[in-house]
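**Student:** I have a structure I would like to understand better, so I am pasting it below and will then ask my questions one at a time.
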Amino acid sequence: MSPPAIINPSVLSADFAELGKACRDAMDWKSDWLHLDVMDGHFVPNMTFGAPVIGKLRKHVDRPKEAGGLGTFDCHMMIAEPMRWASIFRDAGADMYCFHYEAAVTSVGAKDPADTQTTEKCTPKNLIRYIHELGMQAGIAIKPKTGVDVLWDILAAEDEKERPDMVLIMTVEPGFGGQKFMASELHKVTALREKYPNLNIEVDGGLAEGTIDQAAEAGANVIVAGSAVFGAKDPAHVIQVLRDAVDKRRGGEKL
Ligand SMILES: O=C(CO)[C@H](O)[C@H](O)COP(=O)(O)O
Ligand SMILES: [Fe+2]
């Protein structure tokens, strides 16, 4: 059976002047994790917030171990140089550091924002190892134009410290909330689930009551939803609908 549903509201669609309240509300609505979209204005054409804000939000939500596994800060790093910032986000309170494959393979392996000396290339496996050494879980995300094939070698890494804990399949072009769900990306989820029944597979972008069944059917279990949750009259109900869709698919396991 595939892993349990993890419902993961994105605060991208919340009122940024009241982010602490948004995080507390989302946990009251029975969210499992919180999805924090970090955008740098380079990797994506938008900017959100960085480690100082995440450090402040951490004070509003228990660490997962204190809350029985709930309250994971899933940091979706839409930034150009993910290795440089990993330790800073760890110190701020990130639990899952989910970087983009496209950013990793085009950046250097410097481990400090101020490092101008390092020229060695970053690789996804080295970065995953480093994230694990820092004590975080490692996620790897791919954009719609990136094929799922790039992930096979990484998922099959001989050393488990170089294997990701989660894969994120983007179902919109990263950068903005409230975009239309791209069902064309779900074949990647299906292919991953066939090979990896126990992997946490996250989908992000346009997930809502009208699109969750397709994503759940493909095998996604970590469900990000921003506008569908924070724009809802009854966010707790939406979260329950998302969870039920994943659980229904698990109950009638097809794989
Ligand atoms: O990574 C993202 C955008 O790049 C967001 O997590 C995502 O778009 C969530 O918003 P919505 O559910 O409204 O699509
Ligand atoms: Fe995201």
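The backbone N, Cα and C atoms fix where each Cβ goes, glycine too.
For reference, TrEMBL lists these features for the protein:
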ACT_SITE  D37  active site, proton acceptor
ACT_SITE  D204  active site, proton donor
BINDING   S10, H76, G175, F176, G177, G178, G206, G226, S227  substrate binding site
BINDING   H35, D37, H76, D204  divalent metal cation binding site
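So that I understand the layout, could you describe where these features sit and how close they are to other parts?
**Tutor:** There are 24 other Cβ atoms within 10 Å of the Cβ belonging to D37 (active site, proton acceptor).
Secondary structure at D204 (active site, proton donor), taken from DSSP and collapsed to helix, strand or coil, is strand.
For G206 (substrate binding site), other Cβ atoms within 10 Å of its Cβ number 24.
If you take the C-beta of H35 (divalent metal cation binding site) and look for same-chain residues 6 or more apart in sequence within under 8 angstroms, you find N8, P9, S10, V11, L12, D74, H76, D204, V224, G226. The secondary structure of H35 (divalent metal cation binding site), as reduced to three states from DSSP, is extended strand.
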**Student:** Name the residues of the same chain, 6+ apart in sequence, whose Cβ is under 8 Å from the Cβ of S227 (substrate binding site)?
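**Tutor:** Expected: S13, G177, G178, A208.
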**Student:** Of these binding-site residues, G175, G177, which scores lowest on Cβ atoms within 10 Å?
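**Tutor:** Across G175, G177, these binding-site residues, the one with fewest Cβ atoms within 10 Å is G175.
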**Student:** Determine, for the divalent metal cation site, the additional residues of the same chain whose CB lies within 8 Å of the mean position of the CB atoms of H35, D37, H76, D204; present them in sequence order.
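**Tutor:** Output for this site, in sequence order: N8, S10, L12, L36, D74, C98, L168, V224, G226.
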**Student:** Would you count the other CB atoms within 10 A of the CB of S10 (substrate binding site), including those on all shown protein chains?
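**Tutor:** Taking all protein chains shown, S10 (substrate binding site) has 24 Cβ neighbours within 10 Å.
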